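Accompanying notes for the structure given below.
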Amino acid sequence: MLSFWYKNFSHIPRHHGDFHRAKLIYHLLLFVCILAGVVTALNLFLFDAKEIAFIDAIGLTLSLCIYWYFRKTGNVKVAGWAVTILFITIIWAFLTVWSGNNYGIVWATLIPPVAFFLLGRSMGTLVSIVFFSYATYIVYGHVQAGLTYQLSLGGVLNVIEVLIAHIMLFRFYERTRADAMLQLQQNREQLEIIANTDKLTGLNNRQRFDQQLHKYVVDAERKQQPFALLLVDIDHFKRVNDQFGHLFGDSVLQSLATYLQQNLRSEDFLARWGGEEFAVLMPNTSSRQAYQLAERLRELIADTPICEHEVTFSGGIAVWRPGYDAETLLGHADKALYKAKDNGRNRIEMYT
Ligand SMILES: Nc1nc2c(ncn2[C@@H]2O[C@H](COP(=O)(O)OP(=O)(O)OP(=O)(O)O)[C@@H](O)[C@H]2O)c(=O)[nH]1
């Protein structure tokens, strides 16, 4: 039963600021539905109070409507407001309908935590202050009307003071929570960038490339739209290192990465595959187009001095066909690359 109630809850990731808001919305709606269901039944069958049972049934129906809306849309903002208003209405009913039973004011202390948590700092403050002023006004009305108090007037005033303290404290609490969430989010984004970026060239790294390749394969399978993979390997790079040192080799890798990035189409995905090898994913590209693009790149690099030296590369191309997985495609591109090396380097080969 409970797993059914919380079904479709997983649409918000756990680290997201709205995760626990959504959870509270589900919890509160479950609580209100059970409460409203029980009091409806009691008033109808035990106390024979049909009019009150009718009001309870309206509360139950509203809660279920909010629940279905939230389950369908996942809109935390609208559902948060709806639940807060519903919650306030119930406490307001406690305070007004049973005038004289003024212990209902104790429940009003729950308004600030719920409003701050569901609506944030500004709206939480506004809603709490409006409700608090209204509650004070009701109590004042009770005093004027000379109603008998079950809770002493001193007790009521104490609760109202606690409400004011709650509003101030929850403002700090919500601020702390929002700041911590923001910091966490920024740290996560930074970590994600570090985890997916090659330190030397600033390009996407192998891990990111693998993820992207799998995504391309899934998309291609779904849309039946081919894409091409080009593997680029610098020729005789060991000689560059041996002759000029590794630091110079690093500069060559950085410059080449920049050239490649600048001369690819915006939709192409470039990554450093490892060592002196780069990989390019070309979406929605036929073998002919991929070959032309790779040839243009090869000629450009061969004709442009990189760090004042002539640098050439060899390239292997494979094009996705239905049924290919990532490993198959990589294997094909690698074979084509070996062929380019075997056939004399500074050339592009297609896997056939
Ligand atoms: N400077 C530098 N060198 C690297 C880096 N990663 C790999 N290498 C070097 O790249 C060279 C690769 O050498 P090989 O695999 O023999 O290939 P190659 O000399 O390019 O020869 P072919 O690929 O057959 O044309 C090695 O000397 C590695 O040390 C790096 O991050 N920086």
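Placement of Cβ uses the backbone N, Cα and C atoms for every residue, glycine included.
Broken down by DSSP into helix, strand and coil, the domain 'GGDEF' (225-352) contains 60 helix, 31 strand, 37 coil. The domain 'GGDEF' annotation in TrEMBL covers 225-352.
Sequence annotations record features per position, and here TrEMBL assigns transmembrane segment to 24-46 (among others). Same-chain residues lying 6+ beyond the ends of the transmembrane segment (24-46) with a Cβ under 8 Å from its Cβ atoms: 5-6, 9, 52-53, 56-57, 59-60, 63-64, 66-67, 70, 76, 79-80, 83, 86-87, 90, 114, 117-118.
Sequence annotations record features per position, and here TrEMBL assigns transmembrane segment to 52-70 (among others).
According to TrEMBL, the feature transmembrane segment maps to 77-95 (among others).
What TrEMBL records for 101-119 (among others) is transmembrane segment.
Same-chain residues lying 6+ beyond the ends of the transmembrane segment (126-143) with a Cβ under 8 Å from its Cβ atoms: 84, 88, 91-92, 95-96, 99-100, 102, 105, 108, 111-112, 115-116, 119, 149, 153, 156, 160, 163-164, 166-167, 170. TrEMBL lists 126-143 (among others) with the feature transmembrane segment.
Sequence annotations record features per position, and here TrEMBL assigns transmembrane segment to 149-173 (among others). Panel annotation: around the transmembrane segment (149-173), residues 100-103, 105-106, 108-109, 111-113, 116, 121, 124-125, 128-129, 132, 135-136, 139, 142-143 of the same chain, lying at least six beyond its termini, place a Cβ under 8 Å from a Cβ of the stretch.
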Surrounding residues of the transmembrane segment (77-95) on its own chain - C-beta under 8 Å, 6+ positions past either end: 21-22, 25, 28-29, 32, 55, 59, 62-63, 66, 69-70, 101-102, 104-105, 107-108, 110-111, 114-115, 118-119, 127, 131, 134-135, 138
Folded-back contacts onto the transmembrane segment (52-70), same chain, C-beta under 8 angstroms, at least six residues removed: 22, 25-26, 29, 32-33, 36-37, 39-41, 43-44, 76, 78-79, 82-83, 86, 89-90, 93
Taken over the domain 'GGDEF' (225-352), the model's mean pLDDT: 95
